[in-house]
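Heads up: the structure comes next, in structure tokens.
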Amino acid sequence: SGISGPLSCGRNGGVCIPIRCPVPMRQIGTCFGRPVKCCRSW
């Protein structure tokens with residue numbers, strides 16, 4: 001929760017992926033507003 005930018009996404013072990021996260025990953029926040037998701041594989 002509270003992940004809303006690329007810096008906090010990366011700090012939490014995530015990567016920024018447009019539109020939606022691929023299947024093994026789960027969304028933990030957003031990066032550049034809602035269209036870009038912050039995704040993590042664990």
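Heads up, the Cβ atoms here are built off N, Cα and C, so glycines get one too.
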For this session: If you have Swiss-Prot open, could you say which of C16, C21 makes the disulfide with C39?
Result: C21
Seminar exercise, completed: Of the disulfide-bonded residues C9, C31, C38, the one whose Cα sits nearest to the Cα of C21 (disulfide bond) is C38
Exercise. What Cα-Cα separation, expressed in whole Å, is found between C16 (disulfide bond) and C9 (disulfide bond)?
Worked result: 7
Exercise. How big is the Cα-to-Cα gap, in Å, between C9 (disulfide bond) and C31 (disulfide bond)?
Worked result: 7
Exercise. Three-state secondary structure of C21 (disulfide bond) from DSSP?
Worked result: coil
For this session: Sorry to bug you, but what's the C-alpha spacing from C39 (disulfide bond) to C31 (disulfide bond), rounded to the closest Å?
Result: 9
